[in-house]
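For reference, TrEMBL has these:
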{"type": "DOMAIN", "residues": "555-647", "note": "domain 'DYW'"}
{"type": "REPEAT", "residues": "107-141", "note": "repeat 'PPR'"}
{"type": "REPEAT", "residues": "239-273", "note": "repeat 'PPR'"}
{"type": "REPEAT", "residues": "340-374", "note": "repeat 'PPR'"}
């Protein structure tokens, strides 16, 4: 294809210079180097800086370097600094360092350029060494170091640099302050953040959009949602950055409903959402298990043209999975033409959460075959999938692959998955030995995992011993006491159960109540165990009584062992019949059209009695019932559960 004709140049040198700069800014270097511009380059060396800024390839940069050296322009410090910047941006630090040493009368900019290049390349050690060697520094130098350390997660060092900067009498600008607030956010250091906030107010920078957004982000990451939003409310305008800060802040602080409300308000006032906004909004729908809202947000992401952005797709995979729609997760995942580690990890997690361990392992193998290197998160989702599907051998093979082949260091979460894997298969002594020998310090969660396995395997002597460890590590967590109480109640040791309750009262520990909820017509209906407050409670009780009668005819017998109280059998049966998930299911039967799957969410694990009862409910009604508990999904259909009674 013929090259487009150049715009006809005016005869004046000013017009020629402007045309040259315009061509460089558009990346048309060959046109800029047309013979009609040679004279200007020889007479005005500063024009070389525009060529260097536009250069995106090392071979061409080296040619331009030779041209500049021949013309004598390379001896000019201003031109040499831009050449140095070009080499640093393209990653040729050998040439950049040589050029730096030869720059006549190096100034602070020369040092800053080289330091910034090393920071951008991740070589903080060399950048720090150059920083220490500098004869003089300016605000930009300190900003570069503070930002570089913050971006690398070295927040304590970043804060120390800022304090040293202040001791030298330097006044940080808006760029340095933005990095510093991100540093405080990473440390969850609201005390230091408030001190810097006071400086910002005194300096009159509290109305700066960049500073204000970073300050609000700091407060929200530290858990001070109201203070963060108060900062944003005084900013001169509502920007996409400030909106994203509020939505992400609310999501991260557990206010998912508030995040979605603000998302709707933002769109209502005309602020266009971007990919970052949609990731937070979709995550909020995921936390709430609000399928209808999630589908609406997905549709808006499609209209905005960001539905194929990988972080958005990963959020959608997670959201549909958490709402019980594994098929929709698969449709999103397989709609991506490439292979992305984050997206694959999200899909492996989805398979694991729904008990499809073999599909998770197969996807992992496909990912490896395509040359994608797994990371710690990928292996964590894979081990979780194996442990929740009874794939003991596959899980142990994956753990060996992680540690020996990939050379990754397992965290306590990885070891917890292996303990769960071994415990579920009855290898309790092996699981305990692993905890005692692992190189990382065990936490209460890993011991609780083993305690749960002891209960499942009915190894009560070991359970009593493990329970002591758990309660010693985390005396304020109710789950450990409930497990121990359950174990003792199974053996009808009611006096020992009373001792557990007395210990809970002593430590002011309260059992977390069972809560289940179901979404109907965009509204979430919540039920607590034994709750009688719903507006349709009479209908719910009648429906539940009728359903319990039907499943009794199919052989259902209440499992009294899961009732922790020493009460009469009739009272126990009434208590079991009014567990929160049973109430939610009865409401869903009354409300949802026939044939529509029932989706229930629960804050605790499904108890043994409810698991048996819901299987039979799915059989006698012919309805699919999907229950998400704190651990996984259960798909009940035709009297069977997708977990294979393995949860």
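Cβ from N, Cα, C; glycine included.
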For the repeat 'PPR' (340-374), sequence-distant contacts whose Cβ falls under 8 Å of one of its Cβ atoms, 6 or more beyond its ends: 310-311, 313-314, 317-318, 320-322, 326, 329-330, 333, 381-382, 384-386, 388-391, 394, 398, 402, 406, 632-635, 642-644, 646
PLDDT averaged over every residue in the repeat 'PPR' (107-141): 91
For the domain 'DYW' (555-647), residues assigned helix / strand / coil by DSSP: 38 helix, 16 strand, 39 coil
Three-state composition of the repeat 'PPR' (107-141), taking helix and strand from DSSP: 26 helix, 0 strand, 9 coil
